[in-house]
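Visitor: One structure, as structure tokens, below. Some questions next.
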Amino acid sequence: LAQPVTPELLVSPSSQDGDVGSECPEDRGNWTGRLDFLLSCIGYCVGLGNVWRFPYRAYTNGGGAFLVPYFIMLAICGIPIFFMELSLGQFSSLGPLAVWKISPLFKGVGMGTILIVSLVAIYYNMIIAYVLFYLFASLTSDLPWQHCGNWWNTDLCLDHHLIKAGNNTFPVNITNTVSPSEEYWSRYVLHIQGSSGIGDPGMIRWNLCLCLLLSWTIVYLCILKGVKSSGKVVYFTATFPYLILVMLLIRGVTLEGAWKGIQFYLTPQFDHLLSSKVWIEAALQIFYSLGVGFGGLLTFASYNTFHQNIYRDTFIVTLGNAITSILAGFAIFSVLGYMSQELGVPVNQVAKAGPGLAFVVYPQAMTMLPLSPFWSFLFFFMLLTLGLDSQFAFMETIVTAVTDEFPYYLRPKKASFSAVICIALFLMGLILTTEGGMYWLVLLDDYCAGFGLMVVVITTCLVVTRVYGMKRFCRDVHMMLGFQPGFYFRACWMVLSPATMMALLVYNIVKYQPSEYGSYRFPTWAEVLGILMGVLSCLMIPVGMVVAVLREEGTLWERVQQASRPAMDWGPSMEENRTGMYVTSLAGSQSPKPLMVHMRKYGGITSFENTAIEVDREIEEEE
């Protein structure tokens, strides 16, 4: 008897060619809890920059008036790009490299992203290592940076207790003096006196090396099972910093002189709004704080279910991030106000940004409080949890990107592959643990995620709206969420966001300043190396174009056209979500009415299949 024949268009890709199904790649997996994705995004966006960059940027750019350009830039640049990244990841369920099936000609953008994230992951974990060092140093009854008189202190060291006594008894000249916390940071933790500059790294600091090893071990253990493990860790690392921040805030505002610092932080100076620098600073703060362009958002969204409401999540995360930055400003400046009163100097003389705030100024302020080791431990534990979940995102981005490219080989060995990546990045980061390691860290921080990252984000925005097509992208979002993005999102994607980021890029190039660390000026070769790090990620884009064009056939223009079109398998990863025009791209499907076949196979009409019917109707009208 003849075997019954299954109509070709009803054959699913997994059941074709006999036993091919057994060779299918292992499942990528999904988030296991309802809040995993949301908390991971909050943990990723709310990082060290919220604590040590935003408050300083606010007070130097008009105080309370800075919030005006900050929220305008959040609306123009932050929210739309954030939503675009989440949409791309959730729609395709692919990492930052494989997602460029949307337009293979631009796969180099994904390669550039991975290069940037890898460089950032190297030095970001070094900052976590410094935090661990201070965390362990706080486990004592007397903080080691509290007094002078240690072997690392110099004759310039001046104890703040003497200054306080001097205000009442005899005048103390504090010019050309150094605080104990500053000497502890530079001469003991970094031991920077052992290096003459970036070309002379000196010896490895083994205590820092062990802290770096510990930070990489923690990161590896948390991403061991991908989003299944990191998705659970963020329930603690994304929420606990808020508890500590509130404790530091309450302690800060109850200190004498706290109001002086808060006034300094928030007094609006509206004349600053006429300066282009303030608007650029606001856009830069939004750009780096939300972490757009690093691939982390896209990676996290790729583990969502197809109909997850990322529209709602976008507003929760972006506005939550902004509010956290403002709260952190209160916590920081209330303590700085108290510190300035204790030292008898203006607030602007004690206010600093970046590592200077986290490892010098704030630790010094902690020594002035009762129970100083307790508050110091809390502060550094908050920095640790803030830094770790951002680092999880960087690592998950790298691992997901590469495993999505080679799913058959790497997905079953994801834990081993993650270990290889962690070991490689740890070894590359060893130069940061040397006596001159801070010079290398500053170089990486200044260049690796500068203009290269902006080029990546601008290109992504232009490819999605111009090459792939705004109408088609909006239709994809409609298919996922059941509604089309409104005029606000379309206007930002088409014009406002790319134009703002172009202005940022031009401003960064025009206002370029060589790197420096304190009074140290970097040599020319180091500047060139830094610029090359930034340019290399941009060069990935033309390299990717050349590779994509060479893979096609025909004349050069025909090759470019073919390479810029979406790949045949572009679309939702799950077969049941491939409705409308995407059913025709399934293997074995040649139906002129693919939706009807799809519905006959899966049965029922859900609200999302109603959306698919509308999409089909739109396609027919266009044709």
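Any Cβ shown, glycine's included, is placed from N, Cα and C.
This is the feature table in TrEMBL:
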type	residues	note
BINDING	Gly43, Val46, Asn50, Ser289, Asn321, Leu386, Asp389, Ser390	Na(+) binding site
DISULFID	Cys148-Cys157	disulfide bond
TRANSMEM	67-88	transmembrane segment
TRANSMEM	109-136	transmembrane segment
TRANSMEM	204-224	transmembrane segment
TRANSMEM	233-250	transmembrane segment
TRANSMEM	282-303	transmembrane segment
TRANSMEM	315-339	transmembrane segment
TRANSMEM	374-394	transmembrane segment
TRANSMEM	415-443	transmembrane segment
TRANSMEM	449-468	transmembrane segment
TRANSMEM	488-510	transmembrane segment
TRANSMEM	530-550	transmembrane segment
Visitor: Cα-Cα, whole number of Å: Leu386 (Na(+) binding site) versus Cys157 (disulfide bond)?
Guide: 32
Visitor: Grab the same-chain neighbours of the transmembrane segment (109-136) for me: Cβ-Cβ under 8 Å, and only residues 6 or more beyond its ends, written as numbers and ranges.
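Guide: Sequence-remote neighbours of the transmembrane segment (109-136) are 48, 96-100, 189, 207-208, 211-212, 214-216, 219, 293-296, 355, 358-359, 363, 376-377, 380-381, 383-384, 387-388, 390-391, 394-395, 397-398, 401-402, 425-426, 428-429, 432-433, 437, 440-441, 444-445, 448-449, 452-453, 455-456, 459-460, 463, 533, 536-538, 540-541, 543-544.
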Visitor: Taking the mean position of the Cβ atoms of Gly43, Val46, Asn50, Ser289, Asn321, Leu386, Asp389, Ser390 as the Na(+) site, which residues outside that list, in the same chain, have a Cβ no more than 8 Å away, listed in sequence order?
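Guide: After dropping the recorded site residues, what remains is Ile42, Tyr44, Cys45, Gly47, Leu48, Gly49, Ala238, Pro241, Gly291, Thr324.
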Visitor: Quick check: do the transmembrane segment (233-250) and the transmembrane segment (315-339) share at least 3 Cβ pairs under 8 Å, counting only pairs 6+ apart in sequence?
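Guide: Contact confirmed: at least 3 Cβ pairs fall under 8 Å.
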Visitor: Can you tell me how far the Cα of Cys157 (disulfide bond) sits from the Cα of Asn50 (Na(+) binding site), in Å?
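Guide: About 31 Å separates the two Cα atoms.
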Visitor: Ranking the recorded positions Val46, Cys157 by other Cβ atoms within 10 Å, which is at the bottom?
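Guide: Among the recorded positions Val46, Cys157, the sparsest Cβ neighbourhood within 10 Å belongs to Cys157.
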Visitor: 10 Å Cβ neighbour count around Cys148 (disulfide bond)?
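Guide: Excluding its own Cβ, Cys148 (disulfide bond) sees 20 Cβ atoms within 10 Å.
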Visitor: At least three Cβ pairs under 8 Å linking the transmembrane segment (282-303) and the transmembrane segment (415-443), pairs spaced 6 or more in sequence?
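Guide: With fewer than 3 qualifying Cβ pairs, these stretches do not touch.
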Visitor: Quick test of the contact rule: Cβ under 8 Å, at least six residues beyond the ends. What residues does that give for the transmembrane segment (488-510)?
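Guide: Distal contacts: 73, 76-77, 79-81, 83-84, 276, 280, 283-284, 287, 450-451, 454-455, 457-458, 461-462, 464-465, 470, 473-474.
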Visitor: Under 8 Å for C-beta pairs, could you tell me which stretch among 67-88, 374-394, 415-443, 449-468, 530-550 has the largest tally with the transmembrane segment (204-224)?
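Guide: Looking only at 67-88, 374-394, 415-443, 449-468, 530-550, the most contacts with the transmembrane segment (204-224) come from 415-443.
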Visitor: Express the distance between the Cα positions of Asp389 (Na(+) binding site) and Cys148 (disulfide bond) as a whole number of Å.
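Guide: A Cα-Cα distance of 36 Å.
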Visitor: What whole-number Å value do you get for the CA-CA distance of Val46 (Na(+) binding site) and Cys148 (disulfide bond)?
Guide: 35
Visitor: Name the residues of the same chain, 6+ apart in sequence, whose Cβ is under 8 Å from the Cβ of Asn321 (Na(+) binding site)?
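Guide: When sequence neighbours closer than 6 are ignored, Asn321 (Na(+) binding site) has Ile42, Cys45, Val46, Asn50, Ser289, Leu290 within Cβ distance under 8 Å.
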Visitor: Please list residues from the chain of Gly43 (Na(+) binding site) whose Cβ is under 8 angstroms from its Cβ, counting only those at least six apart in sequence.
Guide: Val234, Thr237, Ala238, Asp389, Ser390, Phe392, Ala393
